[in-house]
Amino acid sequence: MASFSAETNSTDLLSQPWNEPPVILSMVILSLTFLLGLPGNGLVLWVAGLKMQRTVNTVWFLHLTLADLLCCLSLPFSLAHLALQGQWPYGRFLCELIPSIIVLNMFASVFLLTAISLDRCLVVFKPIWCQNHRNVGTACSICGCIWVVAFVMCIPVFVYREIFTADNHNRCGYKFGLSSSLDYPDFYGDPLENRSLENIVQLPGEMNDRLDPSSFQTNDHPWTVPTVFQPQTFQRPSADSLHRDSARLTSQNLYSNVFKPADVVSPKIPSGFPIKDQETSPLDNSDAFLSTHLKLFPSASSNSFYESELPQDFQDYYNLGQFEDDNQVPTPLVAITITRLVVGFLLPSVIMIACYSFIVFRMQRGRFAKSQSKTFRVAVVVVAVFLVCWTPYHIFGVLSLLIDPESPLGKTLMSWDHVSIALASANSCFNPFLYALLGKDFRKKARQSIQGILEAAFSEELTRSTHCNSNNVFSERNSTTV
């Protein structure tokens, strides 16, 4: 595809006026998320971290709150990036850091929620084991490992994110070798509206690189190319000159290249093409001649460009017409998207759904039916909200790999993609309110202190209840045996 987003793995935000409905909706969501999530998560972090007794449950939710708080701190940059239609005034470091924070929040949150689900499942099915092995130190070690893995999953953002310049504005986007994906790609304008091929792909060398016609005299495979200035004959370029000029190609945005007819190509002569002073008649059909002899266009049929003598990166440029004709998605981007989908969503979702299904089934069988653990309800609802917020993000990411961005469906998909990003970011502001609102009597909770609310939400009630029930069953079995 031709675009991928600044914050995400999937699609770049299209260049739309700030007053378009998708942009307005995204800005509203991001603004509310920041205004509510920053104080909410900060309050939970302060109370649960400094005022409450440290338990296994508080460790889980403290780290979850920390991940949400980091995401909220990055939202002003994302909001400004959206309002500026993709302009990036923050420099390269923040170009790598801000998108990675959102990805870090995704992986850290989903891994922590998976750990909480497994912990709840162990509490129900292995109460005796939990009494002996479930402790704060183990929970802290697991959280440390989760942060390390989440950071590793962000490495592609640091590797592939770069700053590009277009229309005197800095852009933050992915770059996969010669393939580049910038934020707000439509901001650059339609390449077909440009009147020169150099606006899309710069040929090696400039007009001031022309050599003195008398400096080279050779009859080795002359290529006659007329220009509007004077008739000239090009000689086969040397590998050294092509290697020097090809270095310039790596900085070009070669991902979505639209070749213009040769009659509108500005007559620039690549350096390293010696010129022999020879009178030649201009060709009437210059576009056909250029495509046949210089292989500038994908329709050319001649294979006499001496590929064996060209450096590899110049051969990549030479084969430009073949590697993006069908909007082929770069392989690294496919790998990043699929990895995030599987590791950051599908696999954890299956584990969490299975864990809570087993817990509900076990609780309905008898002795667990009366257990009303606030922590269990909090965990279930937090997982459900996470899935609701992040599902559109991953759906848009996969569809962006499959749908042509130039099709009507593709354009609609791209225009609403940043709404899915904003919705995913909004997940970071919900949890503090879920901790406070989940309970039988909200009015009673409203009269409690913040510390009392969090202590009730993060209580170890299920552990104690399960342990007591397990001891009762054990005692009943002993009395029956006697």
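Cβ atoms are placed via backbone N, Cα and C, with glycine included.
Since this is a predicted model, take the numbers as computed values, not measurements.
According to the topological domains annotated in Swiss-Prot, K126 and G452 fall on the same side of the membrane. The disulfide bond recorded by Swiss-Prot for C95 reaches one of C154, C172, C355; that cysteine is C172. Here the candidates are N9, N478, and Swiss-Prot annotates N9 as N-linked glycosylation site. For the topological domain 'Extracellular' (81-96), the number of residues in each DSSP class (helix H, G, I; strand E, B; coil) is 8 helix, 1 strand, 7 coil. Note: the Cα of Y174 (sulfotyrosine) and the Cα of C95 (disulfide bond) are spaced 10 Å from each other. Taken through DSSP, the topological domain 'Cytoplasmic' (47-57) splits into 7 helix, 0 strand, 4 coil. Of the recorded ranges 24-46, 140-160, 341-360, the transmembrane segment (97-118) has the largest number of C-beta contacts under 8 angstroms with 140-160. For the topological domain 'Cytoplasmic' (439-482), the model gives a mean pLDDT of 52.
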